[in-house]
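> The annotation transmembrane segment is assigned in TrEMBL to 20-44, 202-221, 227-251, 277-296, 302-323, 330-353, 373-404, 526-547, 553-575.
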Amino acid sequence: SSKREWKPLEDRSCTDIPWLLLFILFCIGMGFICGFSVATGAAARLVSGYDSYGNICGQKNAKLEAIPNSGMDHTHRKYVFFLDPCNLDLINRKIKSVALCVTACPRQELKTLSDVQKFAEINGSALCSYNLKPSEYTTSSKASVLCPKLPVPASAPIPFFHRCAPVNISCYAKFAEALITFVSDNSVLHRLISGVMTSKEIILGLCLLSLVLSMILMVIIRYISRVLVWILTILVILGSLGGTGVLWWLYAKQRKSPKETVIPEQLQIAEDNLRALLIYAISATVFTVILFLIMLVMRKRVALTIALFHVAGKVFIHLPLLVFQPFWTFFALVLFWAYWIMTLLFLGTTGSAVQNDQGFVEFRVSGPLQYMWWYHVVGLIWISEFILACQQMTVAGAVVTYYFTRDKRNLPFTPILASVNRLIRYHLGTVAKGSFIITLVKIPRMILMYIHSQLKGKENACARCVLKSCICCLWCLEKCLNYLNQNAYTATAINSTNFCTSAKDAFVILVENALRVAAINTVGDFMLFLGKVLIVCSTGLAGIMLLNYQQDYTVWVLPLIIVCLFAFLVAHCFLSIYEMVVDVLFLCFAIDTKYNDGSPGREFYMDKVLMEFVENSRKAMKEAGKGGVADARELKPM
């Protein structure tokens, strides 16, 4: 095809309209699933709950044919009570227990049938089967079968869902034991979960601390971008050394502390903490050594990143709303996930009443509609990727507007809102197509991961190797497509072309600048990784100091892991915006240098700082022996 000229921000037209229509139809299908589940009574069964005979709690019920105890009036019985709430069936995702509608949940533990009978007489809440009167609880021979398993744990109603849930964590520990197969000692798992429950306020505070630190780092990046790389490097060195030193100091301190007067339970917790401290200290030491080696190898390329970070910092000064972009994306994802989970719960209670082998009622969907949850799972992936792609397109459009506006005083009042407006008016189809491509890769990978988990320990070595290789290849393909999609969105924001054309143009530009892409991505991503490490180390160090005051009755392992994982995710969400800005700036710069040479009518759009970066990077690459004729042809002098 003939060579097409780039005309940044000049022409706007709708792109990939058929894909937008397809996405709208898909969303209508998602709405149909939700509407169908609500229309078949699933909403009432989910919110109010129902007993094992098909009666919805809190209302009058119609009689079901051939179902005993159905059609009862439960107007005053508003809560679902399980006779054995800790009997969990993980395969079928339900509680293997008889469910009854009761007036009130037992707030205190009931140890004997006399206590159950007394509770029924005082509160009017019968906890045994409908066929057994409260006066027969202690005299009937069937009471052991028709009454709840003793002792009856103290329970409280779940807000909005009217189920009596045990207050004690022992049931949750049993549930976790079935999920976590690597814990051979159940007492260890109980102590881990009790540690989380005991230090939940500290965990919440540390999670908020990581959020605040991420916000502060994003603000600091705007103003000290020139020295940010060196500051991050120094702080990470000090943080890793300090964290490692504190861990070894605490380990030595606890090892020397006297243990004669400690009770056995606290002694076991202290030994667990000592073992965890040793593992943490060794891991931190290995991590620090590896980090130092990487920084030693990359020290000569740090200067190349400083100028690029400075330009990105100027973008954040002109576009301050970019800092808050992760909040809007997270808010949209949370809303969609809440809707998705609610609809999934609706699907779990929809269908017609069917009597199972035990004589109790289950609700099942028959025919083609029983596969609706597959459609629902695909919707989770596609729409989630669509929301993330909208963020990428919004950021790309705002940065493109900044870069290709020669006089920065003529920028729109809010480039972010202008970019959102262009996205909604012109490019939703492109975003839908790009997110669908990622979905096509992600679904097979998830299916293979599910197969691998189901066949764990059963398949031979060859099959295991093939499965892992396929999963790894699909993961790599997904990451490559994500990077190409992001650059395709940038090309669409520049020239308003459809997805395939934009992806092809972006790919050609990236291939022509392969060496520069590798250098910028390697050094820039490493610097942003150092920022994430800084936030994780700071949050983890604060967690160690706070949890140190609870060492006598709290196991550290799980709370600290939760806090560090959350801190890394929060830092990743915020610094990924900075990474997007750097990638968009680079593509704009590559297009600028390819199609403009500084002559009249073909002036550069870049500012002076970015041009200095070009010259410095070229000199550095030549000095390192990685420049040459090919690189010189890429850069045209001003």
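In case you wondered, yes, glycine gets a Cβ from its N, Cα and C as well.
TrEMBL does not curate its annotations; it predicts them automatically.
A quick note: this is a predicted structure, and the numbers were derived from the prediction, not measured.
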> Where else in the chain does the transmembrane segment (227-251) make close Cβ contacts, counting only residues six or more beyond its ends and a cut-off under 8 Å?
220-221, 274, 277-278, 280-281, 284-285, 287-288, 291-292, 295, 302, 305-306, 309, 313, 527, 530-531, 533-534, 537-538, 540-541, 544-545, 548
> Please give the sequence-distant neighbours of the transmembrane segment (202-221): residues at least 6 beyond its ends with Cβ less than 8 Å from one of its Cβ atoms.
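Long-range Cβ neighbours of the transmembrane segment (202-221): 196, 228, 309, 312-313, 316, 323, 531, 534-536, 538-539, 542-543, 546-547, 550, 559, 562-563, 566-567, 570-571, 573-575, 577-578.
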> Taking a Cβ cut-off under 8 Å, which residues six or more beyond the ends of the transmembrane segment (330-353) line up next to it in the same chain?
30, 33-34, 36-38, 40-43, 45-46, 50, 54, 64, 67, 93, 361-366, 372-373, 376, 379-380, 383-384, 387-388, 573
> Could you give the residue numbers and ranges of same-chain residues that sit at least 6 residues beyond the transmembrane segment (20-44) on either side and whose C-beta is under 8 angstroms from one of its C-beta atoms?
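Sequence-distant neighbours of the transmembrane segment (20-44): 56, 59, 339, 343, 346-351, 363, 369, 372, 375-376, 379, 382-383, 386, 428-429, 432, 436.
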